[in-house]
Amino acid sequence: MIYMLDTNIIIYLMKNRPKIIAERVSQLLPNDRLVMSFITYAELIKGAFGSQNYEQSIRAIELLTERVNVLYPNEQICLHYGKWANTLKKQGRPIGNNDLWFACHALSLNAVLITHNVKEFQRITDLQWQDWTK
């Protein structure tokens, strides 16, 4: 199984709070993969540039990416994005742009999106998601 961690889950994992996130990671099967979208990676880098200790933040991100692969766009992401951006707009229930990209990236890989932001992602009925903070 592919598990795509969104930004809030990655930050929880890096801070080891709540501890249940690390516990869930330790319970994964050998063939399971932890990945993050390039958008999550960009958000982490943005945070590092805004932090008081840039070098320490970048090093923490580098260590993280040794375990959690960064995945980059493919055509399928765009197809899912076009579908869901219009579907949600017609329903009058759009979600944030980055969240929509996360969801579409996970859909393109048939991955489970791991998030604490379930309210937004519940709107995308094709998406598999889990909240590992519970």
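Count begins at 1; order follows the chain as displayed.
Each residue, glycine too, has its Cβ placed from N, Cα and C.
The average pLDDT computed over the domain 'PINc' (3-132) stands at 97. The domain 'PINc' annotation in Swiss-Prot covers 3-132 and is backed by sequence analysis.
In three-state terms derived from DSSP, Asp99 (Mg(2+) binding site) belongs to a helical segment. Taking Cβ-Cβ distances under 8 Å and a sequence separation of 6 or more, the neighbours of Asp99 (Mg(2+) binding site) in its chain are Asp6, Asn117, Glu120, Phe121. Positions annotated as Mg(2+) binding site by Swiss-Prot, on the basis of sequence analysis: Asp6, Asp99.
Other Cβ atoms within 10 Å of the Cβ of Asp6 (Mg(2+) binding site), summed over all protein chains shown, number 26.
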